[in-house]
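**Q** Right, I'll just put the structure down here and ask away after.
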Amino acid sequence: MTSISQHAAPSDAFRDETPWDVGDDGDTLHEECGIFGVIGARSASSVVALGLHALQHRGQEAVGITSFDGGEFFSHRGIGHVAHVFKNQDIFADLPGMMASGHVRYSTTGGSGLRNIQPLFADLADGGFSIAHNGNISNAMTLKRDLVHKGSIFQSTSDTEVIIHLVATSRYPTLLDRFVDALRLIEGAYALICTTPAGMIACRDPLGIRPLVMGRIGSSVVFASETVALDVVGADFEREVEPGELLVVDHNGVISSHRPFGDPSPRPCIFEQVYFSRPDSILGGQSVYQSRRQIGVELAKEAPADADLVVPVPDSGVPAAIGYAAESGIPFELGIIRSHYVGRTFIQPGDSKRHAEVKRKHNANRALVAGKRIVLIDDSIVRGTTSLKIVQMMRDAGASEVHMRIASPPTDHSCFYGVDTPERSKLLAARMDLEAMADYIQADSLAFVSIDGLYRAVGQQDRNAKCPQFCDACFTGEYPTHLTDYDADAVAGETEA
Ligand code: AMP
């Protein structure tokens, strides 16, 4: 049997957490993550660190890498950015082997302790098993309750650990069969990279809600959440892992594809196109940058404004603002300058921290905006924190009018599939109509792109064309899977603040 040697970043300590804890702002445990794996590469762990670096935007709280040297598994995990946790090059000497996988994560308060940092690892009947997961399992609590009742002892509060216990307790003869058996029991969204002594398994849930791509560096095989990570490690993009597909790669580079779920119609997450993926990634054959630019074009057609300047909220609003400016003929200018030493503001648990971050992150370019009518473009409004501050910032800098245009429809519903959104009662669009939202953020006018405009921008005819349909539950409330752990009231949301 293989074993694992674990290293933790020295500053980390196990935090005492209530299983399935709720954050201090009442949000349930959600995660946003990036995953990366390579098999058949020299210094595999350092390739993974580089890949995770390119996926840092997907999660900034914690990072972990697990490697396998043909006999033993090794792991290093810590809280912080990739560059911080893996700053000391000597760490890679402690992560030997030609196969490694890794994970960057963000979790809301209550789930960020060391024991939740992935890849998770267990010694199973066939040997070591590590798992890195992007997504959220929507019946994990229900399955966990049952497993605990039958004697399973959980080490973390992560939904991902349920998969390990399901594999461990499955009665099927081979590891692959037991893995598939486990997947058949789970609902929700998952892109997974697992390592076993026999090799690597990469898979996506039947609807392909979360992304996962495959590439090659020479004879080594690479899997990553986004193509940008392939670019950064010098891998050639080969193809997406298809929705519902399991790819098994052995140490000789032999790949087998399995489709245990038949051929369901995919529903990839449309919010990856709107915000989450990096603009230099290709998702579903579509350049994310082009999608966002095109959303701006649609927005300009649907919601024109009489203004002097188009100003993006950097960085998330930039491609859409370029599209809006091109379509409207209004000049694009950088009326807000962003500090690059502050990360994603949303990705900071707790409201007060988030408020402070917004202020540190953006500053008005006074010389440009004073006396001007501004069209401000951002990708989305969630709680309204950013918009309120930015509109105010434009006014303080002397803008004569501020028209807010949003490159997605109103975010009216929570995501249960691994994009962190707060409970519904905290979503501005769930609490207010358009006019009240405009009043709240103190804009002279406010408009969102329509859901059909968004579908057109990502290359579809309209939302009902179904070729493919996306998961757009955050905008429509139409959830494409069961949500067993969440009762109807939680899904419908309490809309009184
Ligand atoms: P808020 O300030 O709560 O309205 O959040 C909106 C801002 O957060 C926008 O500028 C987005 O760029 C960003 N954002 C939206 N959704 C997310 C998410 N799920 N994770 C991280 N950032 C987000």
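Heads up, the Cβ atoms here are built off N, Cα and C, so glycines get one too.
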**Q** Which of C203, C415 shares the [4Fe-4S] cluster site with C269, C471, C474 per TrEMBL?
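**A** The one candidate that TrEMBL places in that [4Fe-4S] cluster site: C415.
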**Q** Name the one residue among S316, S328, S425 that TrEMBL lists for the same Mg(2+) site as D378, D379.
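**A** For Mg(2+), TrEMBL names D378, D379; of S316, S328, S425, the listed one is S316.
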**Q** State the residue range annotated as region 'Disordered' by TrEMBL; the candidates are 1-23, 24-46, 93-115, 392-414.
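**A** Going through 1-23, 24-46, 93-115, 392-414 one by one, TrEMBL gives region 'Disordered' for 1-23.
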**Q** Taking every protein chain in this structure into account, which of the binding-site residues D378, D379 has the most other Cβ atoms within 10 Å of its Cβ?
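**A** Answer by Cβ density within 10 Å: D379.
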**Q** Using a 10 Å radius around its CB, how many other CB atoms surround C471 ([4Fe-4S] cluster binding site)?
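**A** C471 ([4Fe-4S] cluster binding site): 26 neighbouring Cβ atoms within 10 Å.
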**Q** If you average per-residue pLDDT over the domain 'Glutamine amidotransferase type-2' (33-252), what number do you get?
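**A** Averaged over the domain 'Glutamine amidotransferase type-2' (33-252), the predicted model reaches a pLDDT of 96.
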**Q** Within 8 Å of the centroid of the Cβ atoms of C269, C415, C471, C474, which other residues of that chain place their own Cβ, given that this set defines the recorded [4Fe-4S] cluster site?
**A** I209, I270, F271, Y417, V419, D472, A473
**Q** What is the separation, in Å, between the Cα atoms of C471 ([4Fe-4S] cluster binding site) and S316 (Mg(2+) binding site)?
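**A** S316 (Mg(2+) binding site) has its Cα 21 Å from the Cα of C471 ([4Fe-4S] cluster binding site).
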**Q** Quick one: of the binding-site residues C269, D378, D379, C415, C471, flag those whose CB is under 6 Å from ligand 1, and say none if nothing qualifies.
**A** D378, D379
**Q** Given the recorded positions C33, C269, C415, C474, find the one whose Cα is closest in space to the Cα of D378 (Mg(2+) binding site).
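**A** Result for D378 (Mg(2+) binding site): the nearest of the recorded positions is C474.
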**Q** State the Cα to Cα distance, in Å, between S316 (Mg(2+) binding site) and C415 ([4Fe-4S] cluster binding site), rounded to an integer.
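**A** S316 (Mg(2+) binding site) to C415 ([4Fe-4S] cluster binding site), Cα-Cα distance: 19 Å.
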